[in-house]
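Peer 1: Below: one structure in structure tokens.
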Amino acid sequence: MAGSDQVNLIESKTVVPLNTWVLISNFKLAYNLLRRPDGTFNRHLAEFLDRKVPANANPVNGVFSFDVIMDRQTNLLSRVYRPAYAGGDPPSFTDLQKPVDGEVVPVIVFFHGGSFVHSSANSAIYDTLCRRLVGLCGFVVVSVNYRRAPENRYPCAYDDGWTALNWVNSRPWLQSKKDSKVHIFLAGDSSGGNIAHNVAVRAVESGIGVLGNILLNPMFGGTERTESETRLDGKYFVTVRDRDWYWRAFLPEGEDREHPACSPFGPKSKSLEGLSFPKSLVVVAGLDLIQDWQLKYAEGLKRAGQEVKLLYLDQATIGFYLLPNNNHFHTVMEEIAAFVNAECQ
Amino acid sequence: MKRDLHQFQGPPDTRFPNHGTANTGSSSKDKMMMVKEEEDGGNMDELLAVLGYKVRSSEMAEVALKLEQLETMMGNVQEDGLSNLATDTVHYNPSELYSWLDNMLTEFNPPPPEINNSFLAGAGGSDYDLKAIPGNAIYARSDQFAIDSSSSSNQAGDNSQSTKRLKSCSSPDSLVTGTTVTTTTTESTRSVGLAAESTRSMVLVDSQENGVRLVHALMACAEAIQNNDLSIAEALVKQIGFLAVSQAGAMRKVATYFAEALARRIYRLSPPQTQIDHSLSDTLQMHFYETCPYLKFAHFTANQAILEAFEGKKRVHVIDFSMNQGLQWPALMQALALREGGPPVFRLTGIGPPAADNSDHLHEVGCKLAQLAEAIHVEFEYRGFVANSLADLDASMLELRPSEIEAVAVNSVFELHKLLGRTGGIEKVLGVVKQIKPVIFTVVEQESSHNGPDFLDRFTESLHYYSTLFDSLEGVPSSQDKVMSEVYLGKQICNLVACEGPDRVERHETLSQWANRFGTSGFAPAHLGSNAFKQASMLLALFNGGEGYRVEENNGCLMLGWHTRPLITTSAWKLSAAH
């Protein structure tokens, strides 16, 4: 296999800047060390290797953050990011939860990626990404530190997402002045995108208003081997085998990838037809091997009569949004800003 | 008075000897990461630095090559072998990609057809790694100190014994090389403080109305004191008293201690002298030790570093700046006893302040440890030194033996910050440590900035710090231990808030600040690895409310925190190559 691996390595190197290649390859290497064939996970080593950053109530580049325990029972923690207050002074403790100041202030509930297994809300890559999102247009971002597989399988991550949504929805200080309501968007990358979708479904069923979903390279799958999986297997940092491992880690034991959590428009899923599901922005990277599933997802939304904008980025790999050194990154940031601001008229 | 962000900032970089000490102003408050020109001219890649990885731009291609080599190598290993390799290898400082990858290339290459453990025997994961020592201290504490009239033998500057002058020998650094500590000297001096200097990290749990008003009142009171508006401060302190009573849980306790400290400051009532209070402090610390994992973590991680540094040494000597009841040492002694090839000769020098009643408590502690040593068949030697301040010590008092014969570790848990209130104090002590030429210098300190020049800033930082600490204790069932732990922390709060000048000893500083100080004083980091991390994490799981405790690796040091807020840091140091 060594020969074809050499080809693979060279291919992936031609499509991303070198530092991006190093970053993502480093993750790939580390993650390979952590997954065990028997389905268990080396959590201690994972936490040791993960680069974390503390919250910072002192504004940096116009953004400050603080952590909240949303639920004492489950110790569910989230990191709240806010634009710095006028004047740029560091907010005092009592000012952290000062009411948002605007007719319409979008609040993005963000679910980090990591294939349901890796990363945390305080992982450096996600802290950085969330700060960028705030910087886009003065949104508030709430990044949820949901429970991860394999220690906590489906539906824990969704339950935590739901708890977070309710928490955000019930904060008086997050209400927009226009209508004294919290203007909520759900967002996530990879597994976070999957969580965003599922939390949105639950929101719709319970009558909590979500204004839009933003799914970056969302993690979906199915039992079938799609054309993109076969074509791109192992070529751009990701293998079908590792995807399978993560689904086995997240889904209930004994379930296969037809499970609705994996395949939301598969044979076992409920229809979204007729529901007032939020509009969706679905970003698909052209070199992501699960893109066929992501495209099926967008299709499924359309067929169910839901509003969806599909953004297909030809030569983008996974993780392109982690570093601002490529056009795809800037394109996506603009699209997200436009998508969210459209609701703020 | 407008609070100035500059006050928060400590010096950022350990690599520049001419950089000033704490609290130099900087206009870089907007930068999360200080990007520095390395002395040989290569910049760190800024984008990766923000994400927690330190890679020089000039080395990017080389790092990429190493990644490719590892990928190929790993492709040759069977699946099971891969995760075994991961488990058995000890990893260090993952931020330094270059050296992390190098370490793995060394470990994984070449794998024999059948992966077995003998291939990995040289790796840092060792048979005698410390196991988590749960539960109570190894021996029962005495409730009172026996008054021993023949207590003169261990006074500082022991006149009855001949002092051996330290021979000036330039022994080569006898550190075990290879996989157990950071590889080359160049790597070890790369360490750049990664955390933003002016970070205020907060975990909010209680967002109830009363909690916020209470904090607001406390801050307003502190501000009034800073502005010398003492009548306003007085009124506020009374208001705080009322608010605190209606508050529940951790916040009430914290507010009460801070309010008391503020009152003392307003009325200029000095707290009990810490000098005569050491026996009480020791007792309180024992309670703290039992209640929550902070001290156990400190001892455990420091011992791990010491154990690794002592590998292969036949005679070892630990100099403990924080002897107290000697709680740290039974575990180390047991680990040494179980060492492959048998234990070394173990010598311990315990340093502590005089007891209130002049009892020879250091001697007693030594006797208990001697009993343990005998039981586990470790040859043991002990000296106790009483000193009011560590700065009173000279290397000549310590009866050091040549480093070829005896390897020395210096250990300090929550002691160094006390020197910062005394001019020249820390410099003197670090100078003594250098004279000792230890193979390892382990330091545990509170991870917070409580020593800035601005009272209000100190107050704010410490309010958040102790709120988090008290919050972590909430999960512990009520007991005398718990109450006494709170008193222990309360005394720190009192000292921090109510005292000034040399009386104020609780002058906590952050890892970046300490790292800079050690760096400019001639020390280089000795990294703690994934084995220590793992075992520390497992230790935490044994504690009630273990859920909230987190271990984090930061620049080769280990931090224990409550959720996402680091609270204490264990770091290890060795003399840098130039010294």
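The backbone N, Cα and C atoms fix where each Cβ goes, glycine too.
What TrEMBL lists as region 'Disordered' is B:1-31, B:149-183. Positions annotated as compositional bias 'Low complexity' by TrEMBL: B:149-162, B:174-183. The region 'VHIID' annotation in TrEMBL covers B:285-350. Annotated motif 'VHIID' per TrEMBL: B:316-320, in sequence order. Per TrEMBL, region 'Leucine repeat II (LRII)' is recorded for B:364-396. The motif 'LXXLL motif' annotation in TrEMBL covers B:416-420. According to TrEMBL, the region 'SAW' annotation covers B:498-574.
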Peer 1: Do you know the DSSP helix, strand and coil residue counts for the motif 'LXXLL motif' (B:416-420)?
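Peer 2: The composition, in the requested order, is 5 helix, 0 strand, 0 coil.
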Peer 1: Give, as a single whole number between 0 and 100, the mean pLDDT over the region 'VHIID' (B:285-350).
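Peer 2: That region's mean pLDDT is 94.
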Peer 1: In the same chain, which residue numbers or ranges, 6 or more beyond the ends of the motif 'VHIID' (B:316-320), come under 8 angstroms Cβ to Cβ?
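Peer 2: For the motif 'VHIID' (B:316-320), the nonlocal Cβ contacts are 306, 310, 326, 328-329, 332, 336, 344-351, 398, 400-401, 406-412, 436, 438.
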Peer 1: Treating G and I as helix alongside H, and B as strand alongside E, what does DSSP give for the region 'VHIID' (B:285-350) in helix, strand and coil?
Peer 2: 32 helix, 12 strand, 22 coil
Peer 1: What does DSSP give as the helix, strand and coil breakdown of the region 'SAW' (B:498-574)?
Peer 2: 29 helix, 26 strand, 22 coil
